[in-house]
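Visitor: Next up is a structure, given as structure tokens.
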Amino acid sequence: MDKINIRNFAIIAHIDHGKSTLADRLIEECNGLEKREMKDQVLDSMDIERERGITIKAQTVRLMYTAKDGKVYYLNLMDTPGHVDFSYEVSRSLAACEGSLLVVDSTQGVEAQTLANVYKAIDSNHEIIPVLNKIDLASSDPDKVKSQIEEIIGIDASESLLVSAKSGIGIKDVLEAIVSRLPAPSGNFDNPLKAILVDTWYDTYLGIVILLRVVDGVIKKGMKIVMMSSNAVYQVDNIGIFTPHKKIVDQLSVGEIGFITASIKELSDCKIGDTITEEQRRCDNPMPGFRTIHPVVFCSIFPNEAGDFERLREALKKLQLNDASFTFDIEVSNALGYGFRCGFLGMLHLEVIQERLEREFNLDLTATAPGVVYQIISKNGILREVHNPHDFGDVQDIASIKEPWICATIMVPDQYLGVVMSLCNNKRGEKVDLSYSGNTALLKYRLPLSEVVFDFYDRIKSISKGYASLDWEMDGYMDSEIAKLTILINSEPVDALACIVHKSKVEQRGREICLRLKDLIPRQQYKIAIQAAVGSKIIARETISPYRKDVTAKLYGGDVTRRMKLLEKQKKGKKRLRAIGNVNVPHNAFIQALKIID
């Protein structure tokens, strides 16, 4: 295939601005699917994506388009996620393309994730075509949005395309702009094979599948290839593309995006961003690869059935193959047994992984409180990174504790600016900058990550009636007053409920968890004491009263000492029961107790 007729492009936008709907219309216009096969969000293959109306995994599809100049062009479309938790998926997709369609909702304008994604595209040297979507709505204001694009982002918006992805207006113009304004891929057909590994996933029938972009040379069926980071050698079994159906082809050459299978058994050989080359004729230098991504939110996941531990381990391995940003290690809990300490890019990422484990692998799970990575410096100068409360150590040995901070970009209509700033201040935030574009405020704040990951996104959306948008990036570590909060039930610490909290909020958090547990733990035959402690100091307590059997019911008058004797006997029995019995704590109590409302 002549690379002159190839166009590789990504669709980038803020969440809910219509990326997946635009992808549907492009597929429909290019006859990628028959009318009877078309459905909304056709590239969103997971049920969870359809139900939530979001894209989680970047998807690729090759389309054939006959342009006005009479030539047939091959368009490789990458539909990318819009939520901040999946920004790593966006970065990978952009590395495989030369251009981007920047989709902006013409009723909403530029939002925070629009900025983040377009800057990623600029860093990738992309040609960018602004596309203003939803122009058929009465509240659409294309001129205002063009001004915003030029003022806030700093790119020319004079030739922005006006479309309605839902009704199909302007789709032909988008396709013509792709072939006329976006560059063809560079690279040399005669050079040794050089391909970048963009994504991997597990297929029940094919095993490990690799999505790649050929930069130089050609890859053919039967060729022996090398993973340059590990020097692992494999023979290519199958080569294919998505149209969006899987279609087997003989080869992929310069500029093409497709998938291969090669009977790969070792997950460690498939590193996202690795360079693939031919064993007999290796390329000189590997590609730069992708920026290593590190999880920022951690929580423990336990199977509710002890026998499901191995099933959970296998499920996590398969999900990790499909999502390199997700990590896990074995953990043992006194309360919940064997499980895994898992790392995520944010709370939505955590929810999606847990939901996929439960749906796709039919597992019943309990997740503990999410937390972030703290740096603990001991008195002898040793630095430890801790994300698990169990590893906090003795307070007497700690010289200082640092917590991660972020730089948040918040875009909000000016009428909601006051409540948003108030929320940021309540979350221990520090204002960095405030600017305006029309009646939209662009707010920059530094905030502790621990205050952001749990419910900050939902709270911002709620107080701004859905109009505010948020993006953030890591901004280093700062000294902080941090304490480990321990929850005790009948004087026994419950490790699954331990959490690391800022000292200014430790009493409030302790009281709230105790109150929640009081509502969630059923009454027993003996009194249950629920306590929150920092070190040896009890900071909150709630008591669950026992059931009381009326042991004196059979008495009718007579000596009062008989009554006292029966009550004393009941008291001794309950004391013995309390000493030998375990408190029955329902599994859902753990996660419910930690869903604290500010």
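Note that Cβ sites are derived from N, Cα and C of the backbone, with glycine treated the same way.
Keep in mind the model is a prediction, meaning the values are calculated, not measured.
According to Swiss-Prot, the protein has these features:
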type    : residues                                                                 : note
BINDING : Asp16, His17, Gly18, Lys19, Ser20, Thr21, Asn133, Lys134, Ile135, Asp136 : GTP binding site
DOMAIN  : 4-186                                                                    : domain 'tr-type G'
Visitor: Who sits close to Asn133 (GTP binding site): which same-chain residues at least 6 apart have their Cβ under 8 Å from its Cβ?
Guide: His17, Gly18, Thr21, Leu22, Val103, Val104, Asp105, Ser106, Val163, Ser164, Ala165
Visitor: Mean pLDDT, the domain 'tr-type G' (4-186)?
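Guide: On average, pLDDT over the domain 'tr-type G' (4-186) sits at 79.
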Visitor: Rank the binding-site residues Asp16, Gly18, Ser20, Ile135 by the number of other Cβ atoms within 10 Å of each Cβ, and give the residue at the low end.
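Guide: Asp16, out of the binding-site residues Asp16, Gly18, Ser20, Ile135, has the fewest neighbouring Cβ atoms within 10 Å.
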Visitor: With the GTP site defined by the record as Asp16, His17, Gly18, Lys19, Ser20, Thr21, Asn133, Lys134, Ile135, Asp136, how many Å span the farthest pair of C-alpha atoms?
Guide: 18
Visitor: Quick check: in three-state DSSP terms, what is Ser20 (GTP binding site)?
Guide: helix
